[in-house]
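Chemist: Sharing the feature lines straight out of Swiss-Prot:
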- 75-82, 176-180, 245-248: GTP binding site (BINDING)
- 559-568: compositional bias 'Polar residues' (COMPBIAS)
- 65-338: domain 'Dynamin-type G' (DOMAIN)
- 571-659: domain 'GED' (DOMAIN)
- 75-82: region 'G1 motif' (REGION)
- 176-179: region 'G3 motif' (REGION)
- 245-248: region 'G4 motif' (REGION)
- 277-280: region 'G5 motif' (REGION)
- 547-568: region 'Disordered' (REGION)
Amino acid sequence: MVLSTEENRSVDLVNLPSVPLPDGEAGVGENNKDSVNNLCSQYEEKVRPCIDLIDSLRALGVEQDLALPAIAVIGDQSSGKSSVLEALSGVALPRGSGIVTRCPLVLKLKKLNQGEEWKGKVTYDDIEVELSDPSEVEEAINTGQNHIAGVGLGISDKLISLDVSSPHVPDLTLIDLPGITRVAVGNQPSDIGRQIKRLITNYIQKQETINLVVVPSNVDIATTEALSMAQEVDPDGDRTIGILTKPDLVDRGTEDKVVDVVRNLVCHLKKGYMIVKCRGQQDIQEQLSLAEALQKEQVFFKEHPQFRALLEDGKATVPCLAERLTMELISHICKSLPLLENQIKESHQSTSEELQKYGADIPEDENEKTLFLIEKINAFNQDITAIVEGEEIVREKECRLFTKLRKEFFLWSEEIERNFQKGSDALYKEVYTFEMQYRGRELPGFVNYKTFENIIRRQIKTLEEPAMEMLHKVTEIVRAAFTTVSEKNFSEFFNLHRTTKSKLEDIRLEQETEAEKAIRLHFQMEQIIYCQDQIYRKALQKVREEEAEEEERKHGKSRSAQSPNLQTSSMDEIFQHLNAYRQEAHNCISSHIPLIIQYFILKMFAEKLQKGMLQLLQDKDSCSWLLKEKSDTSEKRRFLKERLARLAQAQRRLAKFPG
């Protein structure tokens, strides 16, 4: 929402006088000098603390991690945006036809105390150029643009930073972006327009940026590309201020339309519009100074019949724009501080977590290096123990190793049940054939024990290969879990990690072979048909009772009460014995095979791996080799430490800020 004239008068930060006097133009008159002094005192009292806070964060380098409040100036090519920056900063910037701003120019203005000398610095890539006079700025920026974007009309997204320190500038950060163009000319890339739009969007989409959209007064504002781009990233106009330039070029009779735009009656922006008249090309050719341009602008608006009202509303001239921008920037800083504080807190936490992954710096002393390796191996072994005991810490939506193994063992139990059920039909036919063709002198109802044994043995034998498959699956799950522990503890030490993985693989093969032998031995023992008498009797009794209950449920009476059928009775008897034994075999095999696997693939695997890791400590000569880091690890650790330090310092400064 744009403040009315009355509202403006009620704001503490209002009535700041005109922009600072440009350097090198101090002899313009006592009135201007008084205005500058008045601005300085009010600025120091009410504005400086906010700017100082952001400047201090920027000086810390926080801008490497998070966006800080700033002002970006965008506009169509030759819309007058550089002139606006020039008028605000008092520094003459590059001018000309075509694309003048070919790299983002970050203009950092720092106010010095009265009497201190003007200082400037242009920085790009790793080059710093110290400036001692404002007249050197234009050439230094052009040199930087040629260095970064090449001689010609190409653009680059690399920053050029211009630091200006002077008693006659406010503390502001302004960003001049390349002018929007639609058609490539000369040796420009064919997609120059798309490149520029992408570059501009990268800046204006940041919530921390106030967008100054510069539009000539003599064009239809609804069709301007700059305003359209700003509305895409800031649809409510919360961060956008429209600035109309070149009011002296408006066609006679269209002045009222310009007034309507400035009064926010055409394309609505919450922050509204302002209008300024900066130096034109003719003014520059006539060597009109920046201070004289401000006086000429004041006269223009005072004497213009339509635009005079805008001056009275505080919506015209560069001094009013400077006052407005100061208020907007301070308001924006205060609005951004809570979010900035949260972002710094979150970034500090994530950086701390990332730094923990890289661990501490490797000691230089050999004895300390050995102790460091002992700590790393002990941490690894503790993590392995936690896995074996089912106490490892897992992230959300992940599960512990034992949970994964339990699922496999449950599937194994289901496989046994499925296998026994699948063989029932074939068993019935086999038992029937024996009963009808091969029964010897046994009386009806007596089970041929040899047939009983053969049937049981065959069924159990079919489970051997599924047991091997489960063994291989579980081994792979355990191997993956142990490898993850190695990556967690040793990922930055490629020799130690590689040695651990090699040791892990050797032990895995050894333990898998041992487990396979034990499982096959178990199935060989299962070929001996045996069960404790009392256990078997109970199982047989249970089967008979269940069958009797089922029969009674189906027919209303048990089969024993029906007319006996010797053949059916004999078949039932055999199946009762088979089912009784299979139940006990199921209980035994479903538990014993997982026990074998846990013993060899989890318990012994872990113990041998832990012992193998401790054996690495016996060779003290290999300590340095094992602790050799990846080439970028120490650099990354240093980078994270620096980031952590500046974020911690930023947190302290934000905590002390009185606002």
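Cβ coordinates come from backbone N, Cα and C, glycine included.
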Chemist: Could you list the residues of the same chain, at least six apart in sequence, whose Cβ is under 8 A from the Cβ of LEU177 (GTP binding site)?
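Modeler: LEU177 (GTP binding site) has long-range Cβ partners ALA72, VAL73, ILE74, THR101, PRO104, LEU105, LEU199, ILE200, TYR203.
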Chemist: Cβ under 8 Å to the region 'G5 motif' (277-280), counting only same-chain residues 6 or more beyond its ends: which ones?
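Modeler: Residues 80, 83-84, 86-87, 245-248, 288, 290, 293, 296-297, 300-301, 317-318.
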Chemist: Once the DSSP letters are reduced so that anything not helix or strand counts as coil, what is GLY75 (GTP binding site)?
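Modeler: SS state of GLY75 (GTP binding site) = strand.
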Chemist: Do any residues, 6 or more residues outside the region 'G4 motif' (245-248), come within under 8 Å Cβ-to-Cβ of it, and if so which ones?
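Modeler: Long-range Cβ neighbours of the region 'G4 motif' (245-248): 79-81, 83-84, 214-218, 258, 275-278, 280, 300, 304, 307.
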Chemist: Which sequence-distant residues neighbour the region 'G1 motif' (75-82)? Criterion: at least 6 residues beyond either end, Cβ under 8 Å.
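Modeler: Contacts of the region 'G1 motif' (75-82) (Cβ under 8 Å, skipping residues fewer than 6 from its ends): 93-95, 97-101, 176, 179-181, 212-216, 224-226, 245-246, 278.
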Chemist: Using DSSP, tally how many residues of the region 'G4 motif' (245-248) sit in helix, strand and coil.
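Modeler: In the region 'G4 motif' (245-248), the DSSP-based counts are 2 helix, 1 strand, 1 coil.
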Chemist: I'd like the per-state residue tally for the region 'G5 motif' (277-280) from DSSP, helix first, then strand, then coil.
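Modeler: Split into helix, strand and coil, the region 'G5 motif' (277-280) gives 0 helix, 0 strand, 4 coil.
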Chemist: Treating G and I as helix alongside H, and B as strand alongside E, what does DSSP give for the region 'G3 motif' (176-179) in helix, strand and coil?
Modeler: 0 helix, 1 strand, 3 coil
Chemist: Per DSSP, how many helix, strand and coil residues does the domain 'GED' (571-659) have?
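Modeler: Its residues divide into 79 helix, 0 strand, 10 coil.
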Chemist: Cβ neighbours within 10 Å, counted over all protein chains: which one of the binding-site residues GLY75, LYS81, PRO247 has the most?
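Modeler: In terms of Cβ crowding, the pick is LYS81.
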Chemist: Quick one: what's DSSP say for ILE180 (GTP binding site), helix, strand or coil?
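Modeler: The residue in question, ILE180 (GTP binding site), is strand (DSSP, three-state).
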Chemist: Report the same-chain neighbours of ILE180 (GTP binding site): residues 6+ apart in sequence with Cβ closer than 8 Å to its Cβ, ordered by sequence.
Modeler: ILE74, GLY75, ASP76, GLN77, GLY193, ILE196, LYS197, ILE200, GLU225, ALA226, MET229
